[in-house]
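K.L.:
First the structure, which I've put down as structure tokens, then a few questions once you've had a look.
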Amino acid sequence: MAESDSTDFDLLWYLENLSDKEFQSFKKYLARKILDFKLPQFPLIQMTKEELANVLPISYEGQYIWNMLFSIFSMMRKEDLCRKIIGRRNRNQEACKAVMRRKFMLQWESHTFGKFHYKFFRDVSSDVFYILQLAYDSTSYYSANNLNVFLMGERASGKTIVINLAVLRWIKGEMWQNMISYVVHLTAHEINQMTNSSLAELIAKDWPDGQAPIADILSDPKKLLFILEDLDNIRFELNVNESALCSNSTQKVPIPVLLVSLLKRKMAPGCWFLISSRPTRGNNVKTFLKEVDCCTTLQLSNGKREIYFNSFFKDRQRASAALQLVHEDEILVGLCRVAILCWITCTVLKRQMDKGRDFQLCCQTPTDLHAHFLADALTSEAGLTANQYHLGLLKRLCLLAAGGLFLSTLNFSGEDLRCVGFTEADVSVLQAANILLPSNTHKDRYKFIHLNVQEFCTAIAFLMAVPNYLIPSGSREYKEKREQYSDFNQVFTFIFGLLNANRRKILETSFGYQLPMVDSFKWYSVGYMKHLDRDPEKLTHHMPLFYCLYENREEEFVKTIVDALMEVTVYLQSDKDMMVSLYCLDYCCHLRTLKLSVQRIFQNKEPLIRPTASQMKSLVYWREICSLFYTMESLRELHIFDNDLNGISERILSKALEHSSCKLRTLKLSYVSTASGFEDLLKALARNRSLTYLSINCTSISLNMFSLLHDILHEPTCQISHLSLMKCDLRASECEEIASLLISGGSLRKLTLSSNPLRSDGMNILCDALLHPNCTLISLVLVFCCLTENCCSALGRVLLFSPTLRQLDLCVNRLKNYGVLHVTFPLLFPTCQLEELHLSGCFFSSDICQYIAIVIATNEKLRSLEIGSNKIEDAGMQLLCGGLRHPNCMLVNIGLEECMLTSACCRSLASVLTTNKTLERLNLLQNHLGNDGVAKLLESLISPDCVLKVVGLPLTGLNTQTQQLLMTVKERKPSLIFLSETWSLKEGREIGVTPASQPGSIIPNSNLDYMFFKFPRMSAAMRTSNTASRQPL
């Protein structure tokens, strides 16, 4: 890195100001300093001043050289030279402020909302500035070594403005005095354009001609602040191996290596970071957010929102009326947490007030607000009514918006604008209307005032007959350097909003144009929802759909859409989510199963004395949600997962579950924590007269909970017949408590204990209880309980003598041949009542199959046998077929998935299909049967002697002849069902829903995009949606 050519950085000039005697002393001091700084040594004694001045810069980094020189000059009392270095450093600090002042010229000052926001954030951000002041003060309790300060906030929430204001305050001497000497500003966009760089080059990028005083900037890293904006938008992962990190500020390295070296302080140790990001907290954010770091969130609180409205309207009465409208709807509250969206809302409401319109009727949803914003901005110029020019402007704007989103482009070049037909005059109109503005992160580019406006225009494009178009910035060569956009849920929401005739009328009346695709999409969506249950790509959860319906709010249309829903999954993370879900669930007249997750709403929010207004609002919504459990006539199953309930919210849930009108038959609780340790909840269930299935999974079961469960099951009126305690970390020490449940003499008929490390010791305790005369258990599920052959003798006794046990599931336990022999041997005796035995994944081989075949041939009670994922092989299958062909075999189901079978056993299997008159279900998935083997089985399936109703066959890779035979089977036996799932996916094998609040997990994609992207209007555009050449609408 070239430094200034003045004497400020001229080493020789400094050395020549030393006498010969002083120079000799200097070299001795320098040798010691090199050792102190732990730098590589070289011979100094014989060097001249010129030689030393030439050698130092190629041997050491500049900051080390000048720090050593300053220290030596101080020890030598060369005050004139020290003053010169101090003066240079002071000038460079001022020069840095000048560089930052130029860079932070506030672009928004040229726009109405920009000036307004500058003043607003300056007035209301004192709390953030206070945190930033303390965080970088090494003497403050708030500070820590190598501190990162994270400024979190949604898109356009004011993060950039607050950062700019903080830097301007530093420039003016109002912040970080004697704490920060230099600021280096980086944005995700700048970083995404780079491939390799040195730290010196990175620092110098904003300085005139790239000439920065690197030595002075890095001389004291503890006074150096790096500002990194939009960490979540960096296009590459920062999971760099420690061994690849670099400490040399002049060495060029890949950008990920450089950033991680900085963030982990391998470079510039002791420096500070101010990082902005959206609260989604992507992988890069989670990688670097440490416990000691400071994290503050930017959003407009109720108090700040009130200040905003009062400042905007300058009329308290109008501001109060506008605020009341916003506060009546959580969607609008959420919208107005973001400053620019708040500005759009206020702008629209003010225009409606100025026109004397009833704004409370015409501005109820974001669709209303965005429609009014676009219509007013594009058609109100000089009082003109809409004409073809305005309509053309709207169409081109929507084409640009849609083309941008489908190609992950949010910042548009001049070429992009020209390609969709915009002239310079058009751009000036859009800029004056505050729709399209110069980008504050991408030089010489434009962007929509907010992503929501681009999404709204994309929704209009969806319902317009606009052509497909590839904007230049969306081409493959820019793929790695542009933003990521993949969540189209807001676009879908706006589309549904525009399906409402009243909301659509705002645009259609203003522009004199009707959106041509409305009716076709409306009826398409109704048909799609009616067939949703038959679609393998059906919705995984319903929140995005519910937001769409809430935005629409046409009662008959909403009813029609949700009428077919019998199962709904909702993730509730805010009051807004609860409000929207309540609205839609109220129309779900045929709902039988509700799966519910409540995250972060009540977590760690136990009121100290009485609930705050905000907490009360959440509790009111929660009470309404819970009331559905006893007011929905059709609701029979409730799954609550990934929930953190405080005391009040748990009591509200408990009251609903004990309500006399509650008709729930099934209650499943997974990853649920409660303030009372489930005491309130379980006491409520004791008073529930309809519940037959209780599942408490993925939860620690305390002794008190066992006691409460015992009391519930002992209640004469208790109807619970199936209790599931999967993945609750139950061990042998808890088996005495489980045993007490078994002998309680109550209603319990089925117990599921899967995925608990009971081990053989625990199983032996349970076996004693299973033989107790009070035990009336019919079904026991012990999948993956760490059982071995050591407990199988005890299990055998249970099977031999239990008068009630009919079903036993021991899948995924290491029983081996010895254990399986002990478990199956009792089935040869008439006292054994077992009807279903599941031994999949129990590590036995074909050697034991002769004994299983005898059981199959002699036990007339056995109806179901699951032995998949064992090493049965063709030899074992031949033996089993002998048992299956025996006239005394009464099996209805046999599971043989993943048993290492080949075509060699298929002739015997085929004969079973035509001779066995009871077998209705056979699963052979994940076996390599080949074309010949599958063909033999298909030929038997055609036979009228075959009574099979359900079959699982490996059908991939079949040749044409076998595929034709398969089609023949399906034609002749249309009722025959072909399975696609194995034993591991059956009911009772699942562990529970992975909690979205756990680190590294997120709410899954809902698959709502399938409905939109399968719509014929979209198919051409989205056919290549996951490729670099994705086409826009």
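Every residue, even glycine, has its Cβ placed from backbone N, Cα and C.
Source: prediction; values computed, not measured.
Not my notes, these are from Swiss-Prot:
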type	residues	note
DOMAIN	1-91	domain 'Pyrin'
DOMAIN	147-470	domain 'NACHT'
BINDING	GLY153, GLU154, ARG155, ALA156, SER157, GLY158, LYS159, THR160	ATP binding site
REPEAT	588-611	repeat 'LRR 1'
REPEAT	632-655	repeat 'LRR 2'
REPEAT	745-768	repeat 'LRR 3'
REPEAT	802-827	repeat 'LRR 4'
REPEAT	859-882	repeat 'LRR 5'
REPEAT	919-944	repeat 'LRR 6'
K.L.:
Counting only residues 6+ away from its ends, which parts of the chain sit with a Cβ under 8 Å from the repeat 'LRR 2' (632-655)?
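P.N.:
Contacts of the repeat 'LRR 2' (632-655) (Cβ under 8 Å, skipping residues fewer than 6 from its ends): 585, 588-607, 611, 619, 622-623, 626, 663-676, 680-681, 683-684, 992-993, 995-997.
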K.L.:
I'm checking region-level scores; what's the whole-number mean pLDDT for the domain 'NACHT' (147-470)?
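P.N.:
Reported value for the domain 'NACHT' (147-470) is a mean pLDDT of 89.
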K.L.:
For the repeat 'LRR 4' (802-827), jot down how many residues DSSP puts in helix, in strand and in coil.
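P.N.:
Going through the repeat 'LRR 4' (802-827) residue by residue, I get 12 helix, 4 strand, 10 coil.
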K.L.:
What other residues of the same chain, not counting GLY153, GLU154, ARG155, ALA156, SER157, GLY158, LYS159, THR160, have a CB atom within 8 A of the CB centroid of the ATP site?
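P.N.:
Other same-chain residues with Cβ inside the cutoff are SER276, ARG278, LEU298, VAL338, ALA339.
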K.L.:
May I ask for the residues of the chain that lie six or more residues beyond the repeat 'LRR 6' (919-944) and have a Cβ under 8 Å from a Cβ within it?
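P.N.:
Answer is 868, 884, 889, 891-907, 909-913, 950-955, 958-959, 961-962, 965-966, 968-969, 972-973, 976, 979-983.
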K.L.:
Can you check what DSSP calls ARG155 (ATP binding site), collapsed to helix, strand or coil?
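P.N.:
It is coil.
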K.L.:
Within a 10 Å radius of its Cβ, which of these binding-site residues (ARG155, LYS159) has the fewest neighbouring Cβ atoms?
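P.N.:
Output over binding-site residues ARG155, LYS159: least Cβ neighbours within 10 Å is ARG155.
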K.L.:
To see if you understand the setup: which same-chain residues, six or more apart in sequence, place their Cβ under 8 Å from that of SER157 (ATP binding site)?
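P.N.:
SER157 (ATP binding site) has long-range Cβ partners LEU298, GLN299, LEU300, ARG337, VAL338, ALA339.
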K.L.:
Taking helix as H, G and I and strand as E and B in DSSP, count the residues of the repeat 'LRR 3' (745-768) in helix, strand and coil.
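P.N.:
For that range the per-state counts are 10 helix, 3 strand, 11 coil.
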K.L.:
Rank the binding-site residues GLY153, GLY158 by how many other Cβ atoms lie within 10 Å of each Cβ and give me the one with the fewest.
P.N.:
GLY153
K.L.:
By a Cβ-Cβ criterion of under 8 Å, what residues six or more beyond either terminus of the repeat 'LRR 4' (802-827) are in contact with it?
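P.N.:
Beyond its ends, the repeat 'LRR 4' (802-827) has Cβ neighbours at 750, 754, 770-771, 775-789, 791-793, 795-796, 833-845, 847-848, 851-852, 855, 859, 862, 866, 983-984, 988-989.
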K.L.:
So how many of the residues in the repeat 'LRR 2' (632-655) end up helix, strand or coil by DSSP?
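P.N.:
Going by DSSP assignments, the repeat 'LRR 2' (632-655) contains 9 helix, 9 strand, 6 coil.
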K.L.:
Validating a neighbour-count step here. Other CB atoms within 10 A of the CB of ALA156 (ATP binding site): how many?
P.N.:
19
K.L.:
How does the repeat 'LRR 5' (859-882) divide up by DSSP, counting helix, then strand, then coil residues?
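P.N.:
Going through the repeat 'LRR 5' (859-882) residue by residue, I get 10 helix, 4 strand, 10 coil.
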K.L.:
Sequence gap of 6 or more, C-beta under 8 Å: which same-chain residues meet both conditions with respect to THR160 (ATP binding site)?
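P.N.:
Result: GLU229, SER276, ASN440, THR441.
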K.L.:
Would you identify the secondary structure of THR160 (ATP binding site) according to DSSP, in three states?
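P.N.:
Where THR160 (ATP binding site) sits, the three-state DSSP reduction gives helix.
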